[in-house]
Amino acid sequence: MLNFLKKFRKAKESSVELIDKIKEIKSREVPEHIAIIMDGNGRWANKRALPRIAGHHEGMKVVRKMTKLSNELGVKALTLYAFSTENWKRPKLEVDYLMKLPEEFLETFLPELIQENVQVRIMGDKTRLPDHTLQAVEQAIQKTKQNDGLVLNFALNYGSRAEIMEAVKTVAAEIEEGSLKSSALDEDMFSKFLMSGSLKDPDLLIRTSGEIRLSNFMLWQLAYTEFWFTDVLWPDFKEEHLVQAIAEYQHRGRRFGGI
Ligand code: IPE
Ligand code: IPE
Ligand code: MG
């Protein structure tokens with residue numbers, strides 16, 4: 001941690017205040033699982049009269065920064081909504097670029113992820129992903145599977161309703177063939193059938209760009225998650241924003257229905 005802070009201070013002379021805030025949140029309970037709906041790339045580009053894909057490219061750099069910081073903070077899992085099952089509706093040029101982004105990201109940052117002990121995972125319907133996209137992510141999963149630091153979980157071609165439907169079908173099939181008894185099924189067991197598998201439910205959900213909705217993201221898993229919304233567009237999202245979200249999270253009283 002100290003090394004990280006030193007590097008950080010060097011890179012940003014003016015961020016002494018941020019470093020203090022990082023120390024402060026580290027002294028309290030840091031959320032184990034943070035999920036982020038990274039939104040606003042298109043609007044970020046529009047504001048600069050750039051093509052939308054320039055916003056996605058910029059957003060990729062923020063993914064790197066947030067991965068680094070989360071890892072340093074001791075966050076156990078970071079789930080990032082990268083592409084929804086509804087995003088196929090977008091113009092082909094944009095979809096094609098979004099499908100190239102995982103390769104671009106991993107080509108540049110995979111060595112760093114390996115070195116920093118990050119474990120890459122994906123959740124989503126892999127069947128519709130182009131081969132080149134799938135190969136890049138499978139390779140990253142393979143090369144980082146021994147790592148036991150931060151789990152970096154990309155929601156790629158992910159939709160929560162589809163996820164729940166698939167889980168229901170699998171459960172139904174297992175009951176039909178007799179390998180599972182419906183009376184044995186409970187919430188814990190059902191959640192293992194979801195794409196998030198053994199990952200614990202997110203403690204904190206962040207959505208950028210001012211939209212206050214879930215857009216088909218982790219509907220089951222977010223039942224008791226703390227939500228934090230910001231108007232900041234994803235490419236403008238900085239370390240201080242994540243720190244602020246965590247600090248506010250730490251001041252919330254989570255009751256889970258109790259008192
Ligand atoms: C989020 O940014 C990235 C993806 C959905 C892939 P958007 O592309 O949705 O950006 P806006 O919401 O149009 O600004
Ligand atoms: C949600 O953002 C999906 C991702 C961030 C990948 P969208 O931009 O697709 O959501 P809507 O259309 O505004 O609800
Ligand atoms: Mg959007």
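For all residues, glycine too, the Cβ spot is worked out from N, Cα and C.
DSSP assigns Asp39 (active site) to coil in the three-state reduction, outside any helix or strand. For Asp39 (active site), the count of additional Cβ atoms within 10 Å of its Cβ stands at 21 [all protein chains shown]. According to TrEMBL, the active site annotation covers Asp39.
The feature active site, proton acceptor is assigned by TrEMBL to Asn87. The Cβ neighbour count for Asn87 (active site, proton acceptor), using a 10 Å radius and every protein chain shown, is 17.
For Asp39, Glu226, the entry in TrEMBL reads Mg(2+) binding site.
Within 10 Å of the C-beta of Gly40 (substrate binding site) there are 25 other C-beta atoms, taking all protein chains into account. The substrate binding site feature in TrEMBL is assigned to 40-44, Arg52, His56, 84-86, Trp88, Arg90, Arg207, 213-215.
Non-local contacts of Gly42 (substrate binding site) by the CB criterion (under 8 A, 6+ apart in sequence, same chain) comprise Arg52, Gly55. When Cβ atoms from all protein chains are considered, those within 10 Å of Thr85 (substrate binding site) total 18, not counting its own. Ligand 2 lies under 6 Å from the Cβ of Asp39, out of the recorded positions Asp39, Gly42, His56, Trp88, Glu226. Close to His56 (substrate binding site) in the fold, though at least 6 residues off in sequence, lie Asn41, Ala45, Glu94, Tyr97, Leu98, Leu101, each with a CB less than 8 Å from its CB.
Note: Glu226 (Mg(2+) binding site) has non-local neighbours Pro31, Asp203, Leu204, Leu205, Tyr249, Arg252, Arg254, i.e. same-chain residues 6+ apart with C-beta under 8 A of its own C-beta.
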